[in-house]
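What TrEMBL annotates here:
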COMPBIAS  115-128  compositional bias 'Acidic residues'
DOMAIN    27-117  domain 'Fibronectin type-III'
DOMAIN    146-235  domain 'Fibronectin type-III'
DOMAIN    260-314  domain 'Fibronectin type-III'
REGION    1-29  region 'Disordered'
REGION    113-145  region 'Disordered'
REGION    226-268  region 'Disordered'
Amino acid sequence: EEQPLPSEEPEHEKPQTEAPTSEATPALGDLRVSSVTPSSVQLHWTVPEGSFDSFTLQYRDAQGQPQALPIDGGSRSVTVPGLSPSRRYHFHLYGLRGRKKIDHVSTEVMTCECEASEEPLPSEEPQEEEPKTESPAPEPPQAQGVLGDLRVSSVTSNSVGLHWTVPEGSFDSFLLQYRDAQGQPQALPIDGGSRSVTVPGLSPSQWYRFHLCGLKGRKKIDRVSTDVMTEEPEEQPLPSEEPQHEKPQTEAPTSEATPALGDLSVTSVTPSSVQLHWTVPEGSFDSFTLQYRDAQGQPQALPIDGGSRSVTVP
């Protein structure tokens, strides 16, 4: 079981076929471990030659299920959360051009045995901690970092992509805190230069509350939160998706300029409502429909005017 992903052996053929066709075939440097906790591993790598469009980190979780974590081509480090203590993991990093795997490096890591003592999520009540850390903020605001909104950039049945801004100042690092499907607190350390993260290893159709803390040294300076629900395992969560048949009819005449939707972002969250925003980078739509399941699991469909770019779901 040293070869968690069968696709490893064939990968060696790809650099050989790719080498002659690209003037400067990109190359991956060593895959190194920069930190280890009982539930996470942080990895770092270099790209001594050329560049990649993206990376994919592949490994098997504690249940032996293969996981694939997509990573932006500009990244040189990643933190893998949701691991089990005292367990050996094999990580395989692939560098991609388009969808083609060009190079591949691997490493083996064992997580720590002790329980995580980060007390990550009791901090939902410890809002009291924040006034303590934030109270000095008004006095020297120039030196303090400020976090912008924490937004959802992508959602699948087992992962969530998050994005944030730092409108003022800077942070040495960030910490993303959440509880996994078993209710166990998880703490994901993130480099201070990052503005996005993908959280893998989640469960389908599950609500998660994410808290992003901005740190100076080990001190939490600011915090933002958001709630996200992962998608259902099936691709067709709502029966109302049979009306896909209507789309060819509407698309056929407008096929010269097919409209496209941009990202769906969360702009605000309260205990009883969510505000969503989206863009239409190409073309236009006659109308929109927002589909979701309510707390009782009943499918809901919310019709929206074609000129709208935001909606509040009460």
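Easy rule for this one: first residue shown is 1, then count along the chain.
Cβ coordinates are placed from backbone N, Cα and C, and glycine is handled just like the others.
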> Per DSSP, what is the residue tally for the domain 'Fibronectin type-III' (146-235) in helix, strand and coil?
Replying inline: 0 helix, 52 strand, 38 coil
>> Going by DSSP assignments with H, G and I as helix and E and B as strand, what are the residue counts for the domain 'Fibronectin type-III' (260-314)?
In response: 0 helix, 31 strand, 24 coil
